[in-house]
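What Swiss-Prot says about this one:
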type     : residues                                                                       : note
BINDING  : VAL239, ASP267, THR296, ILE297, TRP298, ASP400, TRP401, SER481, ARG504, LYS505 : UDP-alpha-D-xylose binding site
COMPBIAS : 53-65                                                                          : compositional bias 'Basic and acidic residues'
COMPBIAS : 73-82                                                                          : compositional bias 'Basic residues'
DISULFID : CYS162-CYS190                                                                  : disulfide bond
DISULFID : CYS206-CYS448                                                                  : disulfide bond
DISULFID : CYS467-CYS480                                                                  : disulfide bond
DISULFID : CYS469-CYS478                                                                  : disulfide bond
DISULFID : CYS580-CYS832                                                                  : disulfide bond
DISULFID : CYS825-CYS838                                                                  : disulfide bond
REGION   : 39-123                                                                         : region 'Disordered'
REGION   : 136-158                                                                        : region 'Disordered'
Amino acid sequence: MVASARVQKLVRRYKLAIATALAILLLQGLVVWSFSGLEEDEPGEKGRQRKPRPLDPGEGSKDTDSSAGRRGSAGRRHGRWRGRAESPGVPVAKVVRAVTSRQRASRRVPPAPPPEAPGRQNLSGAAAGEALIGAAGFPQHGDTGSVEGAPQPTDNSFTPKCEIVGKDALSALARASTKHCQQEIANVVCLHQAGNLMPKSVPRHCQLAGKVSPGIQWEEVRAQQPVSGPLVRIAYMLVVHGRAVRQLKRLLKAVYHEEHFFYIHVDKRSNYLYREVVELAQHYDNVRVTPWRMVTIWGGASLLRMYLRSMKDLLETPGWTWDFFINLSATDYPTRTNEELVAFLSKNRDKNFLKSHGRDNSRFIKKQGLDRLFHECDSHMWRLGERQIPAGIVVDGGSDWFVLTRSFVEYVVYTEDPLVAQLRQFYTYTLLPAESFFHTVLENSPACESLVDNNLRVTNWNRKLGCKCQYKHIVDWCGCSPNDFKPQDFLRLQQVSRPTFFARKFESTVNQEVLEILDFHLYGSYPPGTPALKAYWENIYDMADGPSGLSDVLLTAYTAFARISLRHAATVSPLATAVCRFEPRGLPSSVHLYFYDDHFQGYLVTQAVQPSAQGPAETLEMWLMPQRLLKPLGHSDQASRLQSLEVGTEWDPKERLFRNFGGLLGPLDEPVAMQRWARGPNLTATVVWIDPTYVVATSYDITVDADTEVTQYKPPLSLPLRPGAWTVRLLQFWEPLGETRFLVLPLTFNHKLPLRKDDASWLHAGPPHNEYMEQSFQGLSGILNLPQPEAVEEAARRHTELTGPALEAWTDGELSSFWSVAGLCAIGPSSCPSLELCRLTSWSSLSPDPKSELGPVKADGRLR
């Protein structure tokens, strides 16, 4: 009794402390559970400031043609959860920052209370599936998955029809940004939990046991034999997005023949490309553009829906009698001639060509995520939980690039066979469905013997670089993507052991030389003196798209480029005359990237102008070229290893370049420092970032092994960055190896409107207390011999007060230190006699470009 009373007394005395401790333990348990669900495969992904890790050696297997990698993080897309920085080394000082996370979803989402209306519909069994999916086997709600219309505001008052359990489903509901998407996810999960979504079994009609995987070898002797019977005709399905219209035209020019048909789907987000393709199609009777458009995201169910709808269109187009369906993207290119392809298919007119992953089906199912439930909405593929593969069939897959017979396409589109209907239902909720749907249907259909395990393509897989989970912002999975071909890969294009007629991927902004080599190999050289063979232009802004697609940084830069160019025209001979003075009118009408010999040459800005003297408005094109900024400083063997030192944004780890080619960045951007190295002795280098007022923003070490080619790191700097010229120094034992400068652009626009003084006061002031990191590195200023900051600090303070013309003058002056005017031309007649017509120059986007110009059909039915 005494002991019991003593215990009770202790409990009463410390009950508050005990309750607090229990609450903390409970909270920690919930946090651990939440992290395990959201970031199961990405430990350490905690927030914006992180300890860096070594470069990822790449994930995914070496299966031949599958894009799937492994299960990825389901991190936030629109909240504060970011992917980890890829790091080549370790910071000088470890920085830890607390991260404010959004409130996590509760463990369970309770169902909505049942309505009191007596006529409540009971969604169960097949009726439930039809209510959600629709009779055609696809989701209703218009074009669910293709994101029709503007997203609705987030509203957490959606009403699930069941109690939702499972970490994946709860994570998806917590991260979805619109009520519409949340409701769709809840509907799908409830049907799945009730067992009413997925088919339990699917009938198999193939008479062969096991997996069918025959192949065909390339035989030069047989290829030379004449074709018996009529030659086949091909329906090419071109699935394109982006803005690379010149590369698309070059592809079409290479594959075009008047006996074939070309059907082009342009992603709904690519309006500039759509306008260009519609204009192109008007000149050829056998080229058409889909009258409908979808948003086809990587790995999404919408891609399969697009293919099936396109196939139906092609079957029902009057006068289009074709024998084979071949899908291509704008990054493909032929490796053999049209004559060779037609002869080969004519000799194999009853075969379907699809590339399989191999023979390890269980591994493929896991790697591809076929045993997981996915749903597409808000341009994202959400992982919602696990599911079972239907019994009774062989599941196969591999590449989503294929060559299919018309009879098989008719079977897939028109049949009422339960095999196809139920597989459509299954693949509506599948990641990368186009990589498996046609394989699985064919291998279980009566036509299974027509399968050939070859899609007639060669793909440039480098999984060490291509499997870096670069699609985690689009899909809750880690996927892979092939690399672009370069001249050193040309031997891979010359396949001799198996028939290949196309290759991918090619990008002219990455390397155009390999296309020149391949084009010459197929069709011979262009006539001597043909212009622009080494030039490439790509539009990145068009007035018809409106300024909504431009960031404030780009809007600031493009308008400043126009002012700088017009000032140049007014002050530099031979243009420096009264009739060559112009004022810009409105925003630029277009902007192009310009490359020559696979090197970025700058921006081409087209601008409407008004002559200062009397006269009508004119349109000029201006060429702004970046200045070389790297300064090699060392003389040792280690210093000679440094090839380049760059700072930019939009780092592409697969191609190891900045997709922001001009390196334009503003105060709210998060720059990356990248170094390229030649082979040589191991070294450890220190990277130091210095802002315009000589504040040492950060410093960290990188380890460079003997065979390292590229190192890069994005330091987690506090924002906003101070505008002006920054310096990045590379040192070894505090002795200089190299140095570069980059510009943080002062913004003249904020939210597409002229910058106001109250916005400039914080946007251009740098981080609070000049603290870019939680730990100060200012102690390094003496070692680095930096000047005293007092004078530049006062100038920086005055800059925070600038708006209007004074702000534009500051912005123009900063840009002029990094960019120079390389050319100026007139699109039409000009009051300035010294201005050359753009079409007569070699650099203008309006200059001749024969390799990407289609022209009339020649006597042999071709364009090239």
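Backbone N, Cα and C atoms are what each Cβ position is placed from, and that goes for glycine too.
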Shortest C-alpha distance to CYS467 (disulfide bond) - which of the binding-site residues THR296, TRP298, TRP401, ARG504: TRP298
Pairwise CA distance, CYS206 (disulfide bond) versus CYS838 (disulfide bond), rounded so that it is a whole Å: 62
Sparsest-packed among the binding-site residues, when each Cβ's other Cβ atoms within 10 Å are tallied, from TRP298, TRP401: TRP298
Length of the line joining the Cα atoms of TRP298 (UDP-alpha-D-xylose binding site) and CYS580 (disulfide bond), in Å: 49
DSSP three-state assignment (helix, strand or coil) for CYS825 (disulfide bond): strand
Cα within 10 Å of CYS832 (disulfide bond) - qualifying binding-site residues among THR296, TRP401, ARG504: none
Between ARG504 (UDP-alpha-D-xylose binding site) and CYS580 (disulfide bond): CA-CA distance (Å): 47
Cβ-Cβ neighbours of CYS825 (disulfide bond) (radius 10 Å): 22
Between CYS480 (disulfide bond) and CYS469 (disulfide bond): CA-CA distance (Å): 7
Cα-to-Cα gap, CYS162 (disulfide bond) vs ARG504 (UDP-alpha-D-xylose binding site), nearest whole Å: 46
Listed recorded positions (CYS206, VAL239, CYS480, CYS832, CYS838), ranked by Cβ neighbours within 10 Å, top entry: CYS480
Nearest-integer angstrom distance between the alpha carbons (Cα) of THR296 (UDP-alpha-D-xylose binding site) and CYS480 (disulfide bond): 17
